[in-house]
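> Straight from TrEMBL, here's the annotation block:
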- Cys15, Cys51, Cys89: [4Fe-4S] cluster 1 binding site (BINDING)
- Cys164, Cys168, Cys171: [4Fe-4S] cluster 2 binding site (BINDING)
- 6-126: domain 'MTTase N-terminal' (DOMAIN)
- 150-421: domain 'Radical SAM core' (DOMAIN)
- 424-485: domain 'TRAM' (DOMAIN)
Amino acid sequence: MTDSLKAVYIKTYGCQMNVYDSGRMLDIMRPHGFHHTDDINTADVIILNTCTIREKAAEKVYSELGRILILKNERTKLGKETVIVIAGCVAQAEGKEVIRRAPFVDIVVGPQSYHNLPMLLEQIKRNKSWIVKLDFEENNKFDLLPEELGKGSSISFLSIQEGCDKFCHFCVVPYTRGAEFSRPVSNIYREALIMAKNGVKEIILLGQNVSAYRGLPPDIVEDHDIDHKIHKDLKNQENNTIIISDIQKNHKKNDNFNYWSLSKLIENIANIKEIKRIGYTTSHPIDMLNDINLIFLHCTEKKLMPYLHLPVQSGSNKILKSMNRKHTREEYFQIINLFRKYRPDIALSSDFIVGYPGETDDDFADTIDLVKQIEYSQAFSFKYSARPGTPASEINNQIDEKIKDQRLQILQELLRKQQMIFNLQKIGDEMEVIFEKPGKKNGQVIGKSPYMQSVVCDGSLDIIGEIMNVKIVDAKQNSLFGKII
Ligand code: SF4
């Protein structure tokens with residue numbers, strides 16, 4: 001790649017997996033001479049990392065592309081080349097349709113293929129033709145390991161699992177991200193070590209459903225001589241990938257491995273001295289009781305953050321059944337009660353959908369009742385929107401938009417109150433805060449509490465990247481205010 005295509009702008013839509021993927025795209029591109037820019041006008045490569053979870057996602061991408069085309073044409077007049085890349089779930093769902101509707105797009109790359117970006121950009125440069133790459137190659141994607149991982153960040157995501165087999169009736173993830181795939185323990189541990197070396201203090205283990213994590217244990221990897229090879233030459237990515245692929249094939253044939261659960265993985269990452277905090281997201285209730293040790297670990301492992309994001313989506317058993325969630329509200333309460341028993345101060349978070357097809361006033365009242373009983377520290381709530389191709393989109397009994405709006409308002413008002421109460425309860429507490437970035441005002445720094453809240457303190461920018469004891473003196477809806485002790 002010559003100097004003509006260097007600055008990369010990425011716009012990320014949607015969930016934390018996409019945020020993680022955008023970071024990895026940059027990690028993968030950096031060794032090839034690319035650098036990140038926040039200014040789209042100066043970007044030689046523009047990547048839209050898209051999401052299909054919300055309504056009209058594809059339409060939003062096309063209208064954004066209209067604006068980008070104007071920019072591309074202006075740059076062309078100045079003799080500057082601009083490569084446009086559509087990545088993520090819209091890319092996976094739409095494929096060549098993207099090129100048909102927006103022929104000025106150069107690359108369409110699915111969530112399982114973005115590790116090929118440097119090569120695809122090189123191809124575009126040589127052939128000047130569009131490329132659509134949508135293969136499901138999870139091993140390759142994860143196992144290309146830049147040594148810059150986590151550099152410049154005190155908090156980093158580490159992807160341990162991807163895809164989902166749950167097929168909730170409203171969700172496109174199983175179609176766009178594929179079946180559940182757990183990364184082998186050695187690979188994850190190796191990334192955690194690199195992050196620790198690069199100054200990361202908090203790792204959030206990430207996946208569509210991390211509670212379903214079943215990782216190939218390191219001794220299996222050693223049996224195949226892979227650990228030795230990995231440590232011998234981290235840069236020999238091609239070899240690692242081939243060997244891991246072979247093991248993965250064997251593991252699919254042979255189900256006798258003693259797979260590692262999420263809790264065992266956490267226990268081991270906790271042994272890395274430089275890593276001070278570990279979190280995980282997202283989980284599914286039906287997998288939580290398969291790894292009971294995870295609940296105990298919230299009591300015994302100091303590094304495990306007192307935070308659980310456990311989506312429930314609805315408080316109505318009728319709607320949960322229609323959503324194909326495979327659990328009841330009673331089972332959800334049972335899990336939450338267990339977590340609270342072993343970690344009473346745990347901060348709880350969830351996802352909610354209001355106005356799912358067939359949701360009556362009584363069903364919605366069940367959701368409100370569930371929220372009142374649980375008392376969340378934060379939560380994400382949305383109006384149901386039909387995703388093409390999902391079973392829920394074919395249910396006749398769709399809910400009127402006005403009713404959805406009213407229900408969302410009621411739910412969000414309650415969740416806001418609960419978040420405020422949770423934050424106010426922290427006033428007077430002392431807690432460890434990892435400082436991440438400058439505050440909005442001069443002389444302020446922003447960090448993160450173990451409960452996932454933003455904490456604003458007066459302090460020098462030198463403390464960014466440090467972990468410090470802070471006394472909380474005030475609280476607002478979205479952040480705490482503290483004094484460094
Ligand atoms: S658990 Fe359900 S909502 Fe979550 S990713 Fe899987 S199918 Fe989608």
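Cβ coordinates come from backbone N, Cα and C, glycine included.
Please treat TrEMBL annotations as automatic predictions, because they have not gone through curation.
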> Provide the three-state DSSP residue tally for the domain 'MTTase N-terminal' (6-126): helix first, then strand, then coil.
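Its residues divide into 67 helix, 22 strand, 32 coil.
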> Just to confirm my parser: what is the rounded mean pLDDT across the domain 'TRAM' (424-485)?
95
> Does any of Cys15, Cys51, Cys89, Cys168, Cys171 have a Cβ within less than 6 Å of an atom of ligand 1? These are the binding-site residues; tell me which, or none.
Cys168, Cys171
> Including all protein chains displayed, how many Cβ atoms other than that of Cys15 ([4Fe-4S] cluster 1 binding site) lie within 10 Å of its Cβ?
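Taking all protein chains shown, Cys15 ([4Fe-4S] cluster 1 binding site) has 20 Cβ neighbours within 10 Å.
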> By Cβ count within 10 Å, point out the most packed of the binding-site residues listed: Cys51, Cys89.
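For the binding-site residues Cys51, Cys89, the Cβ with the most other Cβ atoms within 10 Å is Cys89.
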> Taking 10 A as the limit, how many CB atoms besides its own sit near the CB of Cys164 ([4Fe-4S] cluster 2 binding site)?
23
> Reported as an integer number of Å, what is the Cα distance between Cys51 ([4Fe-4S] cluster 1 binding site) and Cys168 ([4Fe-4S] cluster 2 binding site)?
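Rounded to the nearest whole number, the Cα-Cα distance is 17 Å.
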> When you measure from the Cβ of Cys168 ([4Fe-4S] cluster 2 binding site), how many other Cβ atoms are you left with inside 10 Å?
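Taking every protein chain into account, the count is 21.
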